[in-house]
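Report on the structure given below.
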Amino acid sequence: MYTIHFYVLFVLLTVRCSSSFIGNGENYRRNLSLELNPGLNSSLMPLPPGVGLLHVRALGKNNTLHYLLCSQGAPALLLVHTNSTSSKVKVDWPAFLVQNTTGSLKLTPESSVLYSNTLVFTRLWEYDDVNDTAVPEHLPPSSFFQPYELQNFTWDDLNKTLDPMAYTALLCGRDASESFSNGSLCLKFSAFDVEGRDQGWPSLLHNANSSQLRVVLDGVVPRSNRSRFSLELQVVGGTQSMSRVDVLRSIDDEYTPSIFKVSQWVSSPVNSTSPVLGYAQWKPVAYRRPSPVFEDATPCRHSTPVPIAQLPPSGLVLAYYGGESQTTGLNMTFSITGDPFYNTTNYLSWTVLVGLGSPPVDSFSPLVLVIMAVGLGTPMLIILLGGVCVCVRKNRPQPQVYEPIN
């Protein structure tokens, strides 16, 4: 009886400890506020079509995160961490709209800035995968179509898709070509005030120090029957830009079925054991339908990050950093050999998390830990009960078979 009680207590403690471990970020919460085009008087200075600047302020106990999503030029997401709870964004709008003026966007006080990085979406590559290899770097230049330069896209008004209650916004853009006559490339931005996960795959774990971008290529007419796509990304930072991609492995695919890896494009001091300063994190999977099932998943892979000599064509980058910042870039390639081509569904989505500090780490859910505890604990319980029974039987006094004669 005591053994059974001990086993039940063990399972309950396991569930309690696992829940506390998994939810250790839930106690940290930021207060979020959103504003569109901060400091702009639209009646005096109307914005050009397709230009917008979304500012999300994430206030902590003694610091502030600032997210700025901008559609001027190539779409970009700027993350700035300050050690002040009163830091503010200041935009010199006449200079900002010129696109060639450095310092037209600032965080004040400037001395409060601890870290910053900008993720820029620069190009969408399309190639004719005649031999079904899904390895564009091994294809001749003739297999590639003219890339879509995202700086030339016409972007929708962010004000129409802004959701202040959910802290989300949808930025959709189109090329002037016929391929985008009924299609679009969209970036769904989400900011988070506390730890949690998205309901839909890939269900990335986020916390109060992170934001998320979901890239969706929908309804675009491919230029060949065997077209596949790659997305070019660039990162601009101060003294510590994102220079390497770490790939971590796991034995658990509970939240993203069949995916046992996570990739992290991280920023850390050179030749230092210091923790990660910032990151872009994703799972190597994309989906071919808006509400995917298991068969709609397709793997994706990244190239090795390389330094780039010039800044990306983003108005936000030049306005904040000027011309003296480190830039690295990589390509994200979707699909593998044997997978359906883009024209099968004319849909592709991929999700990336952008945040401060070390990336969130997946761990087993309480349900999985209970199953493991029961699966491993039941054999132990049987062994313990068997041992107890054997000991009891051995210690029980045995009746004498032969009675001596007096």
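Start at 1 and count along the chain as shown; that gives each residue its number.
Cβ atoms here come from the backbone N, Cα and C positions, even for glycine.
Among the features that Swiss-Prot reports, signal peptide is placed at 1-20, with the record citing sequence analysis.
The annotation topological domain 'Lumenal' is assigned in Swiss-Prot to 21-367 on the grounds of sequence analysis.
The feature N-linked glycosylation site is assigned by Swiss-Prot to Asn31 (among others). In sequence order, Ala58, Leu59, Asp193 are the residues near Asn31 (N-linked glycosylation site), counting only same-chain partners six or more apart with C-beta under 8 A.
The annotation N-linked glycosylation site is assigned in Swiss-Prot to Asn41 (among others) on the grounds of sequence analysis. All protein chains shown were included, and the count of other CB atoms within 10 Å of the CB of Asn41 (N-linked glycosylation site) stands at 9. Asn41 (N-linked glycosylation site) carries neither a helix nor a strand DSSP state and counts as coil.
Around Asn62 (N-linked glycosylation site), taking its Cβ as the centre, 8 other Cβ atoms fall within 10 Å, counting all chains. Look at Swiss-Prot and you will find Asn62 (among others) tagged as N-linked glycosylation site, backed by sequence analysis.
According to DSSP, Asn83 (N-linked glycosylation site) is assigned to coil rather than to any helix or strand. Here Swiss-Prot flags Asn83 (among others) as N-linked glycosylation site.
Asn100 (N-linked glycosylation site) counts 9 other C-beta atoms within 10 Å of its own C-beta, drawing on all protein chains shown. Per Swiss-Prot, N-linked glycosylation site is recorded for Asn100 (among others), and the stated evidence type is sequence analysis.
Look at Swiss-Prot and you will find Asn131 (among others) tagged as N-linked glycosylation site. Secondary structure at Asn131 (N-linked glycosylation site), as computed by DSSP, is coil. Spatially close to Asn131 (N-linked glycosylation site) yet at least six residues away along the chain is no residue at all, judged by Cβ distances under 8 angstroms.
Sequence-distant neighbours of Asn159 (N-linked glycosylation site) (same chain, six or more apart, CB under 8 Å from its CB) are Leu36, Gly52, listed in sequence order. Taken from Swiss-Prot, the feature N-linked glycosylation site covers Asn159 (among others), and the record attributes it to sequence analysis.
For Asn182 (among others), the entry in Swiss-Prot reads N-linked glycosylation site, with the evidence type sequence analysis. Asn182 (N-linked glycosylation site) falls outside any helix or strand according to DSSP and counts as coil.
For Asn225 (N-linked glycosylation site), the count of additional Cβ atoms within 10 Å of its Cβ stands at 10 [all protein chains shown]. The N-linked glycosylation site feature in Swiss-Prot is assigned to Asn225 (among others).
The feature N-linked glycosylation site is assigned by Swiss-Prot to Asn271 (among others).
Asn331 (N-linked glycosylation site) falls within a strand segment according to DSSP. The Cβ of Asn331 (N-linked glycosylation site) has Trp125, Pro136, Ser230, Leu231, Glu232, Leu233, His302, Ser303 as same-chain neighbours under 8 Å, each 6 or more residues away in sequence. What Swiss-Prot lists as N-linked glycosylation site is Asn331 (among others), and the listing cites sequence analysis.
What Swiss-Prot lists as N-linked glycosylation site is Asn343 (among others). Annotation note: Asn343 (N-linked glycosylation site) sits in a helical segment as assigned by DSSP. Note: Asn343 (N-linked glycosylation site) has non-local neighbours Pro222, Asn225, Ser227, i.e. same-chain residues 6+ apart with C-beta under 8 A of its own C-beta.
Taken from Swiss-Prot, the feature transmembrane segment applies to 368-388, supported by sequence analysis.
Taken from Swiss-Prot, the feature topological domain 'Cytoplasmic' covers 389-406.
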Taking the Cβ of Asn182 (N-linked glycosylation site) as reference, which residues of that chain separated by at least 6 in sequence fall under 8 Å from it?
Gly219, Val221
Determine, from DSSP, whether Asn31 (N-linked glycosylation site) sits in helix, strand or coil.
strand
On the topological domain 'Lumenal' (21-367), the mean of the pLDDT values is 93
Which of the glycosylation sites Asn41, Asn62, Asn83 has its Cα closest in space to the Cα of Asn100 (N-linked glycosylation site)?
Asn41
Rounded Cα separation (Å) that holds between Asn83 (N-linked glycosylation site) and Asn62 (N-linked glycosylation site)
6
